[in-house]
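Trainee: I have a structure here, written as structure tokens, and I will follow up with some questions on it.
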Amino acid sequence: MSIRSWPREERPRERLIQRGPQALSDAELLAIFLRTGRRGQSAVELARELLAAFSGLRGLLEADRETFAARPGLGDAKYAQMQAALEIARRHLGEQLQRGPTLSSPAQTRTYLAALLRDHPSEVFGGLFLDNRHRVIGFEELFRGTINGASVYPRELVRRALAHNAAAVIVAHNHPSGITEPSAADEALTHRLREALGLVDVRLLDHFVVGDGEPVSLAERGVL
């Protein structure tokens with residue numbers, strides 16, 4: 001049954017307009033993106049099928065072009081639209097963070113760092129550079145590794161902090177496995193980075209581990 005034949009108050013687009021996007025299920029939001037279904041299948045039914053095939057939104061959003069485009073109802077055009085939407089969201093979050101208030105708690109940076117790092121299939125380490133009032137100067141991806149880990153060099157983080165004239169740094173890396181529990185190596189690295197930055201009077205405010213769910217703050221864990 002086509003969505004157009006549904007009662008108006010049950011259609012995803014109308015429900016979004018009336019009640020906001022938070023009121024919709026993943027399948028309903030995806031159906032709005034898809035716009036149309038297939039013969040004998042509404043956009044919502046197609047969306048449910050795709051979410052099942054990709055094991056949820058994350059699997060769909062992280063799929064490579066070949067896998068994504070090969071699914072009936074998707075294709076290269078939809079892949080391009082999806083990537084554009086994701087990049088718009090990332091840039092919006094970045095602008096929000098840069099225009100926002102002084103960073104004073106880990107909660108203010110979680111969403112932004114998760115959006116930047118969560119979708120990578122390999123381990124990525126980055127730094128968020130701040131001025132002396134903890135306003136954002138910029139974010140840089142500094143190291144990239146295999147799925148087993150990234151080699152992080154404290155001297156490079158120090159060099160980039162000095163280049164930005166940063167007074168403080170927040171670092172983050174992802175766990176491609178999705179597990180956000182910091183490892184002993186993560187804690188040891190945090191101490192090394194804090195010591196290296198301290199030599200040039202730059203504070204390491206936090207180290208986040210990004211995976212499935214809420215990013216974990218090592219500062220909140222008492223490591224910093």
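Numbers here mean position along the shown chain, with the first residue as 1.
Placement of Cβ uses the backbone N, Cα and C atoms for every residue, glycine included.
Summarising the annotation, Swiss-Prot assigns Zn(2+) binding site to His173, His175, Asp186. Among the features that Swiss-Prot reports, domain 'MPN' is placed at 102-224, with the record citing sequence analysis. As annotated by Swiss-Prot, motif 'JAMM motif' applies to 173-186.
Describe the structural context of these features.
Mentor: In the three-state DSSP assignment, the secondary structure recorded for Asp186 (Zn(2+) binding site) is helix.
Averaged over the domain 'MPN' (102-224), the predicted model has a pLDDT of 87.
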Trainee: Counting Cβ neighbours within 10 Å across all chains shown, tell me which of the binding-site residues His173, Asp186 comes out on top.
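Mentor: It comes out as His173.
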Trainee: For His175 (Zn(2+) binding site), just count the other CB atoms lying within 10 A of its CB, please.
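Mentor: Total other Cβ atoms inside 10 Å, all chains included: 21.
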